[in-house]
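So that you can see what the record holds, here are the features copied from TrEMBL:
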- ARG18: site 'Important for substrate specificity' (SITE)
- ASP77: active site, proton acceptor (ACT_SITE)
- THR78: site 'Important for substrate specificity' (SITE)
- GLN162: site 'Important for substrate specificity' (SITE)
Amino acid sequence: MTSQPATSGIVLASASPRRLEMLQRFGIPLQVIASAIAEEQLPQEEAEAFVLRISREKAEEVARRRPEAGRWYIGCDTAVQCDTQLFGKPRDAAEASAMLQQLSGRWHRVLSAYALFDRLTGQCRQRCVITRVALRPLTAAEIAGYIASGEPTDKAGAYAIQGLGAFMVRAIEGSYTSVVGLPLCELLDDLQQLGVWQLFAPAP
């Protein structure tokens, strides 16, 4: 029997356990279906435009592939910008080390975007939240030890503010949850404005 497109339900188009954990904390009923798109920056594409495009493409790709899973699809993307360089997840230990060396002792920007795609109407609500983060100067031994912990592997910019990486974060200006990987305040606001979900539903 062929599955029919769903008329309700929320799908998180991300394999990130951190994003799932943040949303589950609020009791949001959803299922996870990771996107399979290639996350490559286009020539001359600005950082904000890049994360917005990738987040939308993730949501739309999963909606096309799995229309029976739900109506609302959430795509997310996070990147770290230092000077003109944009950092995603490091491919290996050497790249993680290079990222942390460049971020050491400096301010950088974390761009975290999401797309809330309505498969029934084709409409998409998007936001990108930019947060400034300062790392303290890191020694070569600290960088090597942190990489050996395995934590930087799947983190944009090669560090996790919510994990061991907190030791290096000297200051933050903006949204903490965006640095973790999801502008939670903004997304929850959009979910409620669109009537997808309510945080404090009235008592029956």
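Here the Cβ of each residue, glycine as well, is placed from N, Cα and C on the backbone.
As the structure is a computational prediction, the values presented were derived from the model and not from experiment.
Projection of TrEMBL feature records onto the structure.
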residue	record	Cβ neighbours (10 Å)
ARG18	site 'Important for substrate specificity'	18
ASP77	active site, proton acceptor	26
THR78	site 'Important for substrate specificity'	27
GLN162	site 'Important for substrate specificity'	16
>> I need the nearest neighbour of ARG18 (site 'Important for substrate specificity') among the recorded positions ASP77, THR78, GLN162, using C-alpha distances.
In response: GLN162
> Measuring Cα to Cα, how many angstrom lie between ASP77 (active site, proton acceptor) and GLN162 (site 'Important for substrate specificity')?
Replying inline: 17
> How far is it from GLN162 (site 'Important for substrate specificity') to THR78 (site 'Important for substrate specificity'), counting Cα to Cα, in Å?
Replying inline: 15
> Three states by DSSP: which one describes GLN162 (site 'Important for substrate specificity')?
Replying inline: coil
